[in-house]
Structure formats: C-alpha cells, structure tokens
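Since the structure comes first, as structure tokens, the remarks are kept for the end.
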C-alpha cells in the first residue's frame, strides 16, 4: 500500500493531569493528538500502514496492502505535468470567448513573454520538484484551502441531501439518525479493515487515498493558517442537539460496533430529551459550534482562549470534538420545501425569537464531517473539503444510504444481501473480555466554561453568521421533463448537455458570456484530486448566440452538438491531467517560492476559495481593464495580465455529483456576483441546486427550466424531420425499384425516443468524469457481488480515558 502521512503530529493542547471534571464517573479513553495532514512540519507514523517519512505530497514508498481497498495504489501512475506550450495554448483558447479582441491580443503578448522568459525555468523547477512527490500539485492544493482565512461555511463546505428512506415509517429523526450512524460505522470498519471495494470507472482503478482521511479528522485554525489533524484510532461519536454537545463510544479497538441500532436509538432519545430541558436562552449561550463559522484567524484566537484556563474542561471538550469520527447534528427544524432543505444542509437556518438565535445555524461544527438529520427524518451531509473531494464523500453517502435499506431488508428476509465483505459481530453475542474496559457507550454532555470574553465572542460570531446567511439565497429545481435517458437518446453527453443549459440560461438572462468552472476528477492518478474544465469555448459561445438568435431549429441543434462535443473533448483531456489550470497554478506557486521565505503567498486554484480575493486585489491595482498591474516588479507577465484575473473570477461555479441516493447537492457561490450550482443527472430527472448573493437566483432557475423545455421541442422537431427525410428517401428508392404496396405510406412513422441515437459512442464516455463523479445504482449494488478478501485485525493496547461531561440517565427508557 503506497501511503504517506502528510505531516507531523499536532498536539491538541493535552490537558494537565490534575484537571478536574464535572463528573465523578470513571474516565474515558482520549486520544491526546491528531495528526496534521497539511502543515510544514515533519511526519509521524499513524496506523493503517502509512509510512512515517516525508513531507506533504512526497512520493510514497511501496507498502504491501493487507486488504483490497488500497491494493491498487502502487500501480497508479503519477499525475502528468503537461507540456508548457500546450498549457499556454489551452489557456489562450479558454480566454478567447471571454475577452475582447484588444484584450486578447494583450494576453497573447503576455503569454508569449512568459513562454520566452520565466516559463521554461519554472517548468524545469516543477519537473524537478515533482520527482520526489506523489503529485506535483498536492502540497499547493492543500495550501490553497488551508491558507483561506474567511469562514468555511458557505465558502468551502459542500452538502449532500440524501433521498428519503423508502419506508415512510422510518422517516423520523431518531430512527433515521440511528440507521445512518450504524451504516456509517460499517463504512468506517470496511475502510480500516481494508475491505472496502476500490473505486473504478470503466474497469480502471481510482486512487483510494482520500478514504483514509475521511474519519477522525478536523480542520484546526492556527495563527499561520489551518492544519488538518487526524486521530486514526478514533472510536467515538459527537452529537449536536440544539447547539449542545454530547458524545459516546461506538467502536471497539478492533473497529467492531459496540452498540446495536436499537441501543444507538435509545442514546439519541436520551440526548434529545436532555437538550430540550435546557431553555433556548441558556442553550444559545453555550452554542460553541458557532465559533467554527468565524474568520479562521479569529477562530484560532478563540480556541486559545477556550483552552488557556487550566482549571476548566474546555481543552478536554475540544479534544473530544476534534478527535470524533464525525459529528451527528440533530436539528429541531422541519424544512417545508426542497430549497429550505438545501439551505439547512449547507449553512443551517437563522431564526431569531425574542432576540435569541434558535435556528439550526448554531447546531453545527464546520471543521469536521457532519451527518445532519432534521426532525422529520430528512438527512444530509456537510463536509470539510480540504482533504476529500465530492467523489469520495459521494461513495460514502451512497454506500451508507444503500446499507440502511439492505439492513432493514434483512430484518424481513435474513437472506438479503450485504454491502460489506464481513460484518461486525452483534454486540450482544461478542466476547467483550478486555474489549470494553475503557469504553463508554453512555452519552455524556460536554459542558463548556464560558467566561465573559468567550460569551461576547460567541454572541458576535452568531451575529456575523446570521448576516452571512441573510446575504445568500438558495433555489432548487427538480426538472421532471427528462433526464439522462432522453439526452443520450438524442446523441448527447448528459453532462455536456446540462453545462450548455447553464450557459444558455445565463446568456438569456444577462446577455453575457461569463467564466464557468466545472471540476473533472483526476483520481485515475496517485493522490489525484480534480482539474478545472473551463466550460466556455468558442463552440459554446456560438451555440448560446445561435440559440437565442432568430435561426432555424436545425442550426441551433447542430450548434449544440458541436458545443457538447467540444465539452466532452475538454473533459477527457482534463480527466487525464491535461488541462491548464492546475499546471499554471503550480508554476505560479513555484514563482512565489522564488520570492523568498518572507514573501506573502497568495492563494489560487482556479476555483479556490480565495480566487475572488486575488482578483479583487489585482484589479484594485489596475487603472484600466487593459492595464498590466504587477503584484511585484518581478511578477511574470502571464500572472499580471488581466486575463489571469478574468479566468480566475468564476461567475458560474458548477459541479455534477450524485446518483439515486441523493436528492440534491450544492455549495455556495465562489464570487460575490456569481452562482454556485450543484446538479445531479438521473435517468428521467435533473436535480439542480443554485445559490447566490441575491442575483435573481429564482429567475435564473426559471430561465433554465424554460430552456430545458424549449431545447427538448427543438430536438424532437429536428429528430422527426430526420425520420421523415429518411422515410422519403426510402419511399423513393422503393418506387424506383418497382416495389408497390397498397399499405405503403399510410399512417405516420412512430419512433421511440430511446431508440434514437445520433451518436451512441459519445453518450456514456464522460460519465463519472465531469464533476466529482457519478456512481449509478448498478455500481453501488455491484458491491453486493464478487469475492472480497483480506481481513486485517488491528490489535492496539488500550489507553486510559477519563470521562468528560455529565453522564445522562436512562431512567425513563
């Protein structure tokens, strides 16, 4: 198994031995550290066979995999470094439809200068740098996220809205939450025992590295940027209810379940009952989770304040939250429509009653993976994006959702299949000797010491968050007119087809062509993440103008066909690591390093959280749109040209990620005047969630809906014209041959849409490539078949733990 710990252990302020607790109960095991995945320190070993040497992105040494999950890691190729000339050519091509002729000529001069002056030297340095790395972009990629100082809520963390449980009786909060937790723990077990089947696309294996970073991790702010830490032996769960924190153990040291679904349900009922006993005013005063929504530097200072008093429990409480497997958020709200549900999963709700915030926005901890369950059983996932991409979390969400259904089916039919290669022994039948000595399955409430300074900071953080939520709006569209089946029947790539819909809708509303971004998955490569598809092209521009012009239907359809074919070509190139954005960003970062250790590092990733900030800073130094502002006297021409700012200020930030397990997927806009658009293309529907800072989001979605209806009319009309034309040719041929029949020509030709395919070779090639990726139902249930081998037992010595928090009573249950 080829893995790498990305940096040193970061200690989470170990509490002094003489620190007092609020409970006289026996004490739980606490892991005193989490491991930083992306800082500049040295590395320490963790579990799961990860070697202890090297910096972030350093090339892994081959390590024998003991299971199937990481078995393909050693055979994965490295992400290729594109040729400099090819990258610059693609960069100019991407800018052509976004610039005037005069602007583009200036950009061409800047690119030519870059290729002749700084470019070759930076390219040579990058190639040398990459020889000892798993991926040439990995370290720079982590930095682009971790050096981002603005709040992560709405700016970084995406969300998934899960489909409802198909059994209506199970769509209540406690039942749904317990079911999801049990399935999530089974997923954790499969990853840690290396029994999770590797991801593949058309038979080709994908990198599985991100799965080792999904659980027990936390984003931790520091004065010099954030780090990502991990407790790889984590085995407890943190539950948030009405802004209050609870925890209990859920796994033993062999990663087997400590509790049944019924036991977890009982714990959750106890937690909800306890949380409801606290008046809203008092709960608001201790809703520490809202601090994770602050500016990262402010949050870093507040963490220091939380732990500076040696007589309080705060350090231990914080450690328990940081090292939890994940956070379960039990919301007291019941959103009335899909748009409200999406907003709740992305950023929570803001509701002020008598001056007190009682919305769900305070019932979150945005520095970790979160499973969110509403009072009516609607459920979703919100995740910290630094170490994992949507494709990884999609697999987690899909397997968890599928397992909840199959596990319920097994209560009816014991022969129903299972997703997992092996199952955790039932807690009631397992030998518990030497296993549960230091485990605590009883829920405990974390009680924070809130001094005057923290109380004031919490009040201001909640006010800042309420402002942020007020600045955004969300709309959801469940287009039921057609989906993947119809689009492919017409001979189009589904992802390309929907991407052209976004551009056409935006142009129809604003009359402009704007920068559009879509991530392409690059997990075919070791430690692969994404590459940027710059969706706007000469072909797409021609299409939207043709569509909105007074042109014959056949011309509009032909223009759409050319635009989609171009998009498919770009997607294929990007998925092979042959785009331009990541390559240019790596060169940019190396140039910044050349300025010296004291140089301030700007952040960019082509769709990074700070891209808009950079564009604004550079534009503020430009006297005119065509002037060449220089960040420093030595800034390479390409990076100081206005074209660089233009392409990195994304107006339409889009991503395709989903399958039947999800209802919706989305994220916040990446620029002040842009849209964040997540979409899922299902067989017969298209689900779209859009967000913006009040940019007529509802009107944009209405325009999009109208376009999807209109383009279907055009496709049907032109398709029928082709059918009639072919029929006429056939009739003529038969007449010339003397074939006569009284019945010939009577009635109209009937043709099923699903049999019409203009170009069947294109329809499925980019599934799973555009956006984060697509697991269809077949791929999910494929895990039910096939042999899996390799069960690895991890035997670790148990460490003493101390109970933190008030033990909850079960008298009423």
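Using N, Cα and C of the backbone, Cβ positions are placed for all residues, glycine too.
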Please find, within the list 395-418, 419-442, 443-466, the residue stretch that TrEMBL describes as region 'Disordered'.
419-442
Which of these ranges is annotated region 'Disordered' in TrEMBL: 577-596, 597-616, 617-636, 637-656?
617-636
Over the domain 'Choline/carnitine acyltransferase' (79-705), what is the model's mean pLDDT?
92
Relative to the Cβ of residue 385 (active site, proton acceptor), which residues of the same chain, six or more apart in sequence, are found under 8 Å away?
145, 152, 156, 157, 158
So, in DSSP terms, is residue 385 (active site, proton acceptor) helix, strand, or coil?
coil
